[in-house]
Each structure stands twice: as structure tokens, then as C-alpha cells.
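Taken from TrEMBL, the feature active site, proton donor covers Asp91. Residues or ranges marked as Zn(2+) 1 binding site in TrEMBL: His92, His194, His223. The Zn(2+) 2 binding site feature in TrEMBL is assigned to Asp113, Glu143.
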Amino acid sequence: MNSQFSIYNELTMNTKEILLKAQKEGYAIGAFNAANIETLKAITLAAKKLNSPIIIEASKGEVDYIGKTQLVDLIKDYRNELNIPIILNLDHSESFEECEEAVNAGFDYIHFDGSKLPYDENLKIAKEIVKMCHAKGIIVEGEMDHIQGSSADHTKEKPDEVLDKTLYTDPKKAKIFVDETGIDTFAAFFGNLHGLYSTEKRLKLDVLEEIRNLLPNTFLSLHGGSGIDNKDIMTAIKIGKIVKININSEMRVAFKNALKRSLNETSEVAIYKITPGAIEEVQKIVEGKIKLFGSENRAS
Ligand code: G3H
Ligand code: ZN
């Protein structure tokens with residue numbers, strides 16, 4: 001058996017190494033939501049073409065749609081076939097039980113989002129999840145300040161019309177949260193609203209810088225990655241040593257628009273002959289992000 005295959009098949013301990021490599025070498029790994037087999041195909045094709053590590057994100061809706069064990073098996077298959085690092089992450093999970101099921105199914109990374117819960121409850125559950133996950137070498141991401149918006153087309157609004165800047169992460173409170181819970185990755189809110197808006201989102205980079213200074217050993221993730229000003233993204237990777245950037249809305253919009261076009265233009269009924277255009281458009285988005293995040297040719 002090719003020894004490199006086994007590295008990526010037994011990912012649980014290697015997730016940390018993959019993230020540490022990104023932090024050390026100064027690039028971020030794209031965390032792309034897999035909504036269906038077509039988007040999973042688009043993401044993996046892009047990653048293979050550019051020889052990049054990737055994180056596959058599956059939210060509750062996506063996990064329910066594809067299936068937990070099915071996702072785990074698909075990722076194992078793609079790892080073996082493509083021989084690149086692929087991390088499977090449960091995205092924005094809001095319950096201990098759901099995290100536990102994902103851990104048992106074989107996910108590599110768990111994002112517990114208790115940001116809508118009272119602080120003490122978030123803290124308590126996050127601690128329990130860390131205990132459960134660390135016993136199996138699984139990375140845990142935590143969230144304290146709810147990242148506003150949703151992964152959708154909000155292009156009728158400007159980010160500033162939706163953003164409540166008073167809800168941005170307080171770096172000192174973030175340090176307490178990370179220290180108390182023991183999470184590996186912290187998801188901060190500093191302008192990175194979820195979704196696509198009529199103008200580009202701008203980041204409050206001094207907040208990020210302060211978080212980085214107070215949490216030198218914590219992985220930092222950037223949610224709401226769609227439609228953020230490219231320069232802000234590059235500065236965030238540089239000064240914040242961001243290792244994970246979540247992208248969903250841009251892929252959703254690209255998929256839907258391309259699929260609509262194909263459906264309008266064809267009388268074909270074989271689905272696999274209708275979807276390639278949508279796969280291609282999503283792949284283009286993913287390739288652009290991989291290049292922007294600097295993870296091209298970092299798969300080995
Ligand atoms: O968790 C997923 C994301 O943070 C995606 O954000 O829809 O703005 O790309 P986005
Ligand atoms: Zn998110």
C-alpha cells in the first residue's frame with residue numbers, strides 16, 4: 001500500500017499537523033461546503049488540479065441530505081484516489097448529540113457553534129465536546145459571538161445595513177473562552193458576515209490582530225468567506241495567521257445560476273449530462289479561492 005495513502009486515511013492526528021503546516025508556512029486552507037455529490041466533485045477536482053489541501057464542510061442540512069457515514073466514506077475514497085489532504089468537518093453544529101454522532105461516524109474536525117446559547121451553556125458544552133474529541137485526536141472549533149447573516153444571496157443589501165458591529169468579538173473575552181474550553185480553533189466575528197452582499201465585505205483587521213496576539217497558539221478560522229475584499233483576506237492570513245477560510249455562498253450562487261442556464265438550454269433528461277456546467281462553475285470558484293488563500297501546491 002502506498003504509505004502516503006495511509007497518512008491521509010488515518011487523518012485524526014494528522015488534521016493538527018495539516019493546520020500547523022498552514023500556520024507555519026503562512027497560507028489558509030479553503031473550507032468548502034459540499035451540498036451534494038456535484039459540489040463535492042467540483043471541490044475535489046479543483047484541489048487535485050492545484051495540488052492543494054482542502055477542508056470539506058458539511059452543515060446539519062448537508063449532513064442530513066447526503067448522510068454522515070456516506071460523507072465519511074466518500075471522503076475516504078477521494079483521499080485514496082487523489083492522494084491529497086482532505087479534512088472532513090461538521091460545520092456550525094449546534095448540539096452535543098450531533099457532534100457525537102459525527103465523531104462516531106468518523107469526521108476529522110468538529111465545529112461546535114454554541115454562539116446562540118447563553119455563554120455559560122456554550123462554555124459547558126464546548127468543554128464536553130473538546131473532551132470527547134481530543135480523546136480521539138479530533139480537532140474542535142468553537143464560536144462565541146454569533147457570526148451574523150446566512151450563506152445566501154443577500155445582494156439587495158449592503159453589509160453595513162445588516163452588520164451589528166457591537167457584536168464583534170472582544171479579544172480579551174475570546175482568550176478567556178479559548179482558555180476555559182480548550183478548543184483548538186476559534187471562529188471570530190469581525191466583519192465576516194455570512195453571505196453575499198451588494199458590496200464587498202470589509203474586515204476589522206485590528207480586532208483580528210489583537211485576537212492573534214492574545215491567542216498565539218490557537219488556530220483561527222474565518223467564516224463568511226464569500227465576497228470579502230481580496231486584500232483584506234490576504235492581510236487576514238498574514239497578520240492573523242488564519243488557517244481555515246469558509247466558503248459557501250459563492251458556490252451556491254454559481255451552482256444555481258449555471259444549472260438554471262443548462263436547464264433552460266437543453267431538452268436533455270439524463271441528469272449527469274445537465275450538471276457538468278454547474279460543476280465547472282463551482283470548480284472555478286474553488287480554484288480561485290485556493291490561489292487567493294495561497295494553498296496551491298501545498299498538498300505535500
Ligand atoms: O460556515 C460556512 C461559511 O462561513 C460560509 O460563509 O456563505 O459567506 O461563504 P459564506
Ligand atoms: Zn460559517
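Using the three backbone atoms N, Cα and C, a Cβ is placed for every residue, glycine included.
A separation of roughly 14 Å, to the nearest angstrom, links the Cα atoms of His194 (Zn(2+) 1 binding site) and Glu143 (Zn(2+) 2 binding site).
Counted within 10 Å of its Cβ, the other Cβ atoms near His194 (Zn(2+) 1 binding site) come to 23, all protein chains included. Long-range Cβ contacts of His92 (Zn(2+) 1 binding site) within its own chain (separation 6+, distance under 8 Å): Ser59, Lys60, His111, Asp113, Glu143. Within 8 Å of the Cβ centroid of the Zn(2+) 1 site, not counting the listed residues His92, His194, His223, the chain contributes Asp91, Asp113, Ile147, Gly149, Ser151, Ala187, Gly224, Asn246, Asn248.
Mapped onto three states, the DSSP output places Glu143 (Zn(2+) 2 binding site) in strand. A Cβ distance below 6 Å to any atom of ligand 2 is met, among the binding-site residues Asp113, Glu143, His223, by His223. With a CB cut-off of under 6 A applied against ligand 1, the binding-site residues Asp113, Glu143, His223 are reduced to His223. Same-chain residues at least 6 positions away in sequence with a Cβ under 8 Å from that of Asp91 (active site, proton donor) are, in sequence order, Ala31, Asn33, Glu57, Ala58, Ser59, Glu62, His111, Asn246. The most densely surrounded of the binding-site residues Asp113, Glu143, judged by C-beta neighbours within 10 angstroms, is Glu143.
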